[in-house]
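Below: one structure, written as structure tokens.
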């Protein structure tokens, strides 16, 4: 069967950590909720997806972080899908880059300064990951995804994920050089990337 019509990548809506980085010192990254604006962005992302896919079939693959699950719920609300069966699964391999456990603001600032000198792709945060580590797990995920494409009939796949993960997926898919990855900026909260596949 081959590829679906589209692969749509969605960055989660604005989270509490996006507006108050000090929260990372006491709330685990995976537990950050969306803000009110973030939820509105999720619903708006759902409306945008609706315009792109119309009545075609969809499957969602969602990072297990609270903010991505909440974004997924906002997307479904736009579709009026609440409570309806829609194929979806959680996928830990598309979670956010791990910046360490509880992130001490002063330490993170030092690390980010170091990262600028070191190069962002290979710089690994203490007790965390580098984008190179994310690349490895995303590569494994994409292999699984291609196998899923072979077996399933959905016309659209939607990944609800994070800024670094989206940049890494695009780097892997388009075979960008590392220098090109370093030039990519994070997409905005609730922003979509639509990859259309030829028949």
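Using the three backbone atoms N, Cα and C, a Cβ is placed for every residue, glycine included.
The substrate site recorded in TrEMBL comprises 11, 12, 13, 14, 15, 16, 17, 18 together with one of 59, 67, 93, namely 67.
In the three-state DSSP reading, residue 17 (substrate binding site) counts as helix. Under the DSSP three-state reduction, residue 11 (substrate binding site) is assigned to strand. Each of 32, 34, 35, 38, 71, 189 belongs to the same chain as 11, 12, 13, 14, 15, 16, 17, 18, 67, is absent from that list, and has a C-beta within 8 angstroms of the C-beta centroid marking the substrate site.
Residue 11 (substrate binding site) sits 10 Å from residue 96 (active site, proton donor/acceptor), taking the CA atoms of both as reference points. Taking a C-beta cut-off of under 8 Å and a sequence gap of six or more, residue 15 (substrate binding site) has these contacts in its own chain: 32, 33, 34, 35, 38, 67, 189.
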